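Take a look at the structure below.
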Amino acid sequence: MSVILAIESSCDDTSVAVCNNGKITANVIANQTIHQNYGGVIPELASRVHQQNIVPAVAQALKDANVTKQDIEAVAFTRGPGLLGSLLVGVSFAKSFALALNIPLISVNHMHAHILAHFIDDPKPEFPFLCLTVSGGHTQIVLVKDYFDMEIVGETLDDAAGEAFDKTAKILSLPYPGGPLIDKHAQLGNPLAFKFAEPQIPELNFSFSGFKTSILYFIQKQEKANPNFIAENLNDICASVQHSIIQILMNKVKKAAKQYNVKQIAIAGGVSANSGLRNTLNKMADELGWKVYIPAFQYCTDNAGMIAIAGYQKFLKGDFIGQEVSPQARMEF
Ligand code: KG4
Ligand code: ZN
């Protein structure tokens, strides 16, 4: 038997989970709404709110899982990558908790955990599989050979896919984080109403910086001719931008699947909550004979459930870390 407490605090969500013998029995996510006022995450504010949220979130997770502090056998935590001040809150809490109870600590890489979220619920992928990890900070195609044997085979050279969603939303004066709102409006619009050129990037890599600028110029030009352009076409703009981002992502995944001769395809990270991406992936599965894996919504965006399941795999191997551990804003994959 193993009962693991997991802490995630890499960005703006304070999350605490409990993993009981490989099953997630609590996954508390305390969102920070304060950043909506600023159009993006303010690191200084994020760490302060983590300080306020972490103890109540732990209490709630223990309650949800119906366990006490004394039942916990190890503490898993996100060591990085992420915002240093945010990570410090979670890492310091995890260290203190483990020290007080004299139990081992487990260090987890946030990007590995997004992928390992696929091992929370059934059906679980078999190795090897390809995972498209798309979040606010990362866009990667990863060849997953084993739980902790993963290779990045393609990645963004500049902005992440989530940033392309969030920055488009900002251009359209939608509040932060814009990804879910673009998704909502896109469901009511025509994805072929406007065309945005696909960036020509070698191999399996991506670039969203020029793409984002092309959207800005397009909107500015249209607004010159019609000041109500955004209001009159919001759903179509969102649908078209979303369609273009999905095309860019899926074309590279198709290429990777061919190159590595893998037919098991997974998606992970906040953008994998996007309904258009989920639908497209399911359609491609039918067309290309892929078996696809899409996590439940609560395990797509940042959550401690994924840290707990990654921690559980390390627990089974006895892979623990000492009290001298410190967070890493940039952590090697
Ligand atoms: O993984 P995540 O929660 O945090 C990071 O580690 O970055 O990802 C957050 C990103 C944000 O850019 C957010 O706009 C995007 O995921 N996102 C979405 C959707 N839900 C979240 N993007 C498009 N459609 C969605 N439904
Ligand atoms: Zn994330």
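Glycine is treated like the rest: Cβ placed from N, Cα and C.
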Co-listed Fe cation-binding residue [TrEMBL; alongside H110, H114] among D286, D302:
D302
Per TrEMBL, what member of D149, D159, D166 joins T133, V134, S135, G136, G137, G179, D183, N274 in binding substrate at one site?
D166
The one of H110, H114 whose CB sees the fewest other CB atoms within 10 Å, among these binding-site residues:
H110
Near ligand 2, which of the binding-site residues T133, S135, G137, D302 have CB less than 6 Å from any of its atoms?
S135, D302
Tell me, in order along the sequence, which binding-site residues from S135, G137, G179, N274 have their CA within 10 Å of D302 (Fe cation binding site).
S135
Can you give the largest Cα to Cα distance in Å, as a whole number, for the residues T133, V134, S135, G136, G137, D166, G179, D183, N274 that bind substrate in the record?
18
Using Cα-Cα distances with a 10 Å cut-off, which of the binding-site residues T133, G137, G179, N274 are near H114 (Fe cation binding site)?
T133
